[in-house]
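Engineer: Okay, so TrEMBL annotates it like this:
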type     : residues : note
TRANSMEM : 49-70    : transmembrane segment
TRANSMEM : 77-97    : transmembrane segment
TRANSMEM : 138-160  : transmembrane segment
TRANSMEM : 167-188  : transmembrane segment
TRANSMEM : 278-298  : transmembrane segment
TRANSMEM : 304-323  : transmembrane segment
TRANSMEM : 362-383  : transmembrane segment
TRANSMEM : 395-414  : transmembrane segment
Amino acid sequence: MKKELPMYQQILHILVLSFMLTPNLMFNASVNALSPQLKAMFQNDAFNNLCYTTTAVPAIFSLIIVAFIIDAVGARVVMPILQLINLTATIISIVAVKKGSLTLFLVGRGIFGLGGETTYTGQSKIFVMLLSKNMQPIAYTMGMAAMIAGDLFAVLILPISGPITNSYVLILGLQVLGTLCVLFYSYYVGRYQKEHQVVSRTQIVVASNETVEEQVKQFSMKEKLITTFKQIKNLSVWYWTMAACRIISTAIYKVYDSRSVISLSSIFNYTSPEVKRFIVYQNALACALLVLLALVQYKLTKVQYVAFVGQSCMIAAMLVFTLSNKKSSCLAICLINGVGLGLSVSTTNSLIVGLAGTGLGASAVGFVYSFRFVIISILTPVAQKIAAYAPRDNGWMYFGIHIVSLLCLILTVVKKLGF
């Protein structure tokens, strides 16, 4: 009996699931990428804030609840449902743009909040189930590269794709293609597992012809949910410490990113298009580093070192943002941030899932993404208040919170993971 899929199938598995994420993130980033056109269409100055709120509120609950269900019953049934939700959101957005209806557009954003980033929790669960331990960090790295690529493609492609409707039709086409790839490949993997007696990492052979999964099938849904709840209840303090590192680091970066065009252009005397170009360089660098990291990560046993360097780069970028007066510092900040993102986002995710354990591959990520939305919702109005008085926007706040994030990482490494 084989214990895992062959290497080429694991690599294909990573690529197919990662591709599915890219158009979803393009949809998420479309509000910012098409902001001038959408604001002109809907005639609402609070358009961006409305879109964020209608996406974030359902996402906060969906990320935890759906991840919990995925851990209890598996991802193979839930993932297609989530992707169907995302397709529905895009279709509603197309109709809303054609009719010029802001209300309908916000309904589409709200529906996307239910499925959007929640698909990443399902992807995380599948990675844990089917991939070897050495391949899992590579999978998380490629997944994050696909997500950043979605943001990047939204900025580069959507504004030049013609009318706004064309942009959302393009996203819908990519989503459909990604969904078909996942459905076909899921069928293929299931058939291969059955024919070659391949077991997932959550299955333990207890007899020659019997596995724990076969025994679990006899359990009721209630018993599965109770078991998963007990696992979540018993998560270690080091999981929560590492999760805090990831939550506050990405939350404060998102707050900075939402204000970066305004703050960088005013502080360093650049035009908005110039700053946006620097941010494209930043995301392209982060994406390239993630792909490079994926290529070498198979032999990398201590990803905490990479996470430490990445977090340190984020701190360095905010220090330059706060203290430097040189015009060239604007590009330097974006490039350093790009390195920090590329080295930290996937490695911290990998550490979080490892600390949570195999049975909570979805919930481990779901908690992080849900609480991140909560922290962003709290810090965004705070940042707006501070910016009204601080000549350097929120530089010291960004810097201080990144320091706290790094301390959480160091504490987890020293007390639990080791050097």
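Even glycines carry a Cβ here, placed using N, Cα and C.
For each listed feature, how buried is it and what is near it?
Structural biologist: Tertiary neighbourhood of the transmembrane segment (278-298): same-chain residues 134-135, 137-138, 141-142, 144-145, 148-149, 151-152, 155-156, 257, 260-261, 264, 270, 306, 330-331, 334-335, 337-339, 341-343, 345-347, selected by CB-CB distance under 8 Å and a gap of 6+ residues from either end.
If one looks beyond the transmembrane segment (304-323) by at least 6 residues along the same chain, the residues whose Cβ comes under 8 Å of a Cβ in the stretch are 245, 249, 253, 256, 267, 293, 329, 332-333, 336-337, 339-345, 347-348, 351, 392-393, 395-396, 398-399, 402-403, 405-406, 409-410, 413, 417, 419.
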Engineer: Can we call the transmembrane segment (362-383) and the transmembrane segment (138-160) in contact, meaning three or more C-beta pairs below 8 angstroms at a sequence separation of 6+?
Structural biologist: no
Engineer: When you scan the chain for residues with a C-beta under 8 Å from the transmembrane segment (138-160), skipping those not six or more beyond its ends, what do you find?
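Structural biologist: Apart from its flanks, the transmembrane segment (138-160) reaches 13-15, 17-19, 21-26, 28-30, 32-34, 37, 120, 123-124, 127, 131, 167, 170-171, 276, 279-280, 283-284, 286-287, 290-291, 293-294, 297-298, 341, 345-347, 349-350, 353.
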